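Undergrad: I grabbed these lines from TrEMBL:
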type	residues	note
DOMAIN	41-302	domain 'G-protein coupled receptors family 1 profile'
REGION	319-338	region 'Disordered'
TRANSMEM	25-50	transmembrane segment
TRANSMEM	62-80	transmembrane segment
TRANSMEM	100-123	transmembrane segment
TRANSMEM	144-167	transmembrane segment
TRANSMEM	187-209	transmembrane segment
TRANSMEM	250-276	transmembrane segment
TRANSMEM	282-304	transmembrane segment
Amino acid sequence: MPNASSWSASSPLLLLWEDSSGTRIFLSLLYAVLAISGTLSNVMVIYLVFSFKKLQTTSNAFIVNGCAADLSVCALWMPQEAVLGLLPPNSSSLRSAEYRLLRGGLLGLGLTVSLASHLLVAFNRYVLITKLPSVYQALYQRRHTGCMIGLSWALALLLVPLLPGLWTPGSAQQSPPRQTDGGSRYTALLLALAVLGQTALLLHCYLGIVRRVRGSAKRVSVLNFHLLHQLPFPAAPPPPRRAQRRLSSVSVLLLCCVFLLGTQPLVWVSILGFFLRPAPPALQAASWLLLCSLSALNPLLYTWRSEEFRRAARSVLPRGEGPAAAPRPATAAGPAAA
């Protein structure tokens, strides 16, 4: 039976050394569900964007970039955690330092690029809504967009090798305080501050969009961009302007709340653990689980309000063209179209 420090250093990400077999099986099943749903949703979004020209916009390029990064978490990292959770604590796979480094690299690469893509999408929409069309067109040329996407991956590839203990919290954050490495604690603090700064910029962009839309619905209606269909709220204003402003605010608020729920628990657990005392292992595990589950929710988060995405999805899913091919029964087709 391994002691606490060795078990925490070799355990999967969210499995604690004192967890019972029932808890570990439950977490493995949760990983499996997130891996399957996240992989399918991310692949679906990537396929739709590459298959339909109407969806090939600058905003969707950043969304696809985030989906590709999320696949590193959902399709490559989560299945391994699901399998490792079913292995005994003294398994050689859990003790392999090289294998833990590989898993940490996959997680770090995916989460870093995914968080950068969140910010790129928010800033793209902010410039579109709040700046002149000429400014948007000059900033988001094809070459500039490709550079932004490439920079997000270059940053992730640069950070992952430099911070070996950052994405393996089993060895840095779940170990007892006397065993905690000072460098890892500072690294976790820098990570938390970086995510906090990224969150502040993202909220600034979306709240700026809400202020502009609420202040001038006409400003949004006259912008003839395909990108408006990718906003988390309808681009074309419904007849009642007050209802449009309310729907826009609620949609953006929901997007921001989901993002905050996924990122902020880990941020504040890391900050409070650095300045005060480490949080209970279960709380650390829950904060990491929320951050990782964001990779499975991101595709729905950015496409659920897009009519273009819904129309494209209906056309490729089984029986997706049924209502469109039979417009005769107006009463039956009406609710589905709404």
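Each residue, glycine too, has its Cβ placed from N, Cα and C.
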Undergrad: Given pairs 6 or more apart, does the transmembrane segment (62-80) have at least three Cβ pairs under 8 Å with the transmembrane segment (282-304)?
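TA: When sequence-distant Cβ pairs are counted, the transmembrane segment (282-304) touches the transmembrane segment (62-80), since at least 3 lie under 8 Å.
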Undergrad: Would you call the transmembrane segment (25-50) and the transmembrane segment (282-304) in contact, using three or more Cβ pairs under 8 Å, pairs 6 or more apart in sequence?
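TA: In contact, yes.
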